[in-house]
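Summarising the annotation, Swiss-Prot assigns active site, proton acceptor to His207. As annotated by Swiss-Prot, active site, for cyclooxygenase activity applies to Tyr385, with the evidence given as similarity to another entry. The feature heme b binding site is assigned by Swiss-Prot to His388. Annotation comment: Swiss-Prot describes Cys36-Cys47, Cys37-Cys159, Cys41-Cys57, Cys59-Cys69, Cys569-Cys575 as disulfide bond, evidence class similarity to another entry. Taken from Swiss-Prot, the feature signal peptide covers 1-24. Per Swiss-Prot, site 'Aspirin-acetylated serine' is recorded for Ser530.
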Amino acid sequence: MSRQGISLRFPLLLLLLSPSPVLPADPGAPAPVNPCCYYPCQHQGICVRFGLDRYQCDCTRTGYYGPNCTIPEIWTWLRTTLRPSPSFVHFLLTHGRWLWDFVNATFIRDKLMRLVLTVRSNLIPSPPTYNVAHDYISWESFSNVSYYTRILPSVPRDCPTPMGTKGKKQLPDAEFLSRRFLLRRKFIPDPQGTNLMFAFFAQHFTHQFFKTSGKMGPGFTKALGHGVDLGHIYGDNLERQYQLRLFKDGKLKYQMLNGEVYPPSVEEAPVLMHYPRGIPPQSQMAVGQEVFGLLPGLMVYATIWLREHNRVCDLLKAEHPTWGDEQLFQTARLILIGETIKIVIEEYVQQLSGYFLQLKFDPELLFGAQFQYRNRIAMEFNQLYHWHPLMPDSFRVGPQDYSYEQFLFNTSMLVDYGVEALVDAFSRQPAGRIGGGRNIDHHILHVAVDVIKESRELRLQPFNEYRKRFGMKPYTSFQELTGEKEMAAELEELYGDIDALEFYPGLLLEKCHPNSIFGESMIEMGAPFSLKGLLGNPICSPEYWKASTFGGDVGFNLVKTATLKKLVCLNTKTCPYVSFHVPDPHREDRPGVERPPTEL
């Protein structure tokens, strides 16, 4: 039979196969056990329960068939056979700099970037599927944006153990778990050279779409934009936005202190900000995100973006003197969204990845691909992004070290030092390694405790189920996970089975890639969420990605040429050392601040 004949008949043979049978649960299980507690359906097959002890796997469009979606179709088999492992791909991308220097200078870079974007983004379901209240496809899951979506349905409530059927009947105490495995003994710097400028950017950037609703519960969000909408700059609702706006020339309100532009006080912009009692209103700065008064590092970025917005408005006003306040404001917002995405992909994600492949923000790479320009934030992404090991033991500004007690809610540091000095200090101080465990400062360990408790309330499936969902092999032992024996033995004692390990502890305790900030799972799970959210923004669509959207070539070029250095140095009187990477110790250290060039 010819090869063409096989390719034509193979799909027909699949059609003749009977649908997946309704199967009984494991015969050795005590009845009645929900059969879906065993997670029998593989390769993204959907488990549907029938009666008390029967189930059926829906293998539609998974590329697999059979009772548990385990038999590959021929093209699936070829694809999986030829696909390199994630660890091998990571090795290739982080070795052979001379080869990647050549690739980055050729058309191959665009080809690889398109492949990265499509392969990663295809792992995220669109439209969204489940949420905290619905473990099945429903109109509510699709239409109600008050929910976080979720990638995997929750652990069924009637399972024998909290994680399904594996492990112990009671999970280890969250506080004990955090103190034993996550609490810092000694600060472990990130071997990739990540700094506090990166750490504060991560917090500032993600708090526009990670805004869990305290009233509704951990499955709900107040960030209804579900992506890069800059709600942390402009507010997450129209009322807050109006309080922050100047309503003149498209600009935001501001105050002048020591001859510099800073966010207005809550007296001038009466919005809710979370400050401790006793801090007078005139000392509370008003910005889009109500929690940014917590850290001077967050308020540094809030100040920089405020200055950038008003600077862009001046440029647009010069180009379009007939435009009114509203059009100037809205166009400036789109430009800042574009600048944010450009900086995130080409500098922030680049620093995280450690890749020699130079990442590129070019929405046109996806114009020929099937891609949906909308996004929904997943609760797993929210859980994953608690990167508190980045925070140091103390914060060094100039010659002085500030403790957490001195740094948190410090309302005078920003104005006393100025943006340039703080940017320079944060760019020079190393951040901590995220993966590998035992690197969260005791002042913020309670956050990890709360994350673990929240994941139990949300009934997230085990860590290994998420590894399978994102195309990785499940770990077979705790020692394989951690890469060492002592911690592995303790985890075995607490959980009883590697298949019962929880999602967040698994991410933070996984052994890191060599000279990397974290391990395989954080990269393979985090990258799809990030890239889908960034490129799924409407400004990246063919309808929006054109000069007219951004007020002409001047605005479009602001987006296309944005960098972290430009963002800072075009909004300060002097140009500090600014980077997501600590200075190279082999180079002669430059002065703390420089005068910015006229062209950056």
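Yeah, the Cβs are placed from backbone N, Cα and C, and that goes for glycine too.
Just so it is clear, the model here is predicted, and its values are computed rather than measured.
Using CA atoms as reference points, the recorded positions His207, Tyr385, His388 were checked against Cys36 (disulfide bond), and the closest is Tyr385. The highest number of surrounding Cβ atoms within 10 Å, among the recorded positions His207, His388, is found at His388. In sequence order, the disulfide-bonded residues near Cys59 (disulfide bond) (Cα within 10 Å of its Cα) are Cys41, Cys47, drawn from Cys37, Cys41, Cys47, Cys159.
Rounded to the nearest whole angstrom, the C-alpha distance between Cys575 (disulfide bond) and His388 (heme b binding site) is 29. Sequence-distant neighbours of Cys41 (disulfide bond) (same chain, 6+ apart, CB under 8 A from its CB) are Cys47, Tyr55, Cys57, Asp58, Cys59, Asn68, Cys69. Distance between Cα atoms for Tyr385 (active site, for cyclooxygenase activity) and Cys569 (disulfide bond): 29 Å, as a whole number.
Under the three-state DSSP scheme, the residue listed as 'heme b binding site' falls in the helix class. Using Cα positions, the member of the recorded positions His207, His388, Ser530, Cys569 nearest to Cys37 (disulfide bond) is identified as Ser530. Taking the C-alpha atom of Ser530 (site 'Aspirin-acetylated serine') as reference, the shortest distance to any of the recorded positions Cys159, His207, His388, Cys569 belongs to His207. Secondary structure at the residue listed as 'active site, proton acceptor', as computed by DSSP, is coil. By a simple count of nearby Cβ atoms, those within 10 Å, the most crowded of the disulfide-bonded residues Cys37, Cys47, Cys57, Cys69 is Cys57.
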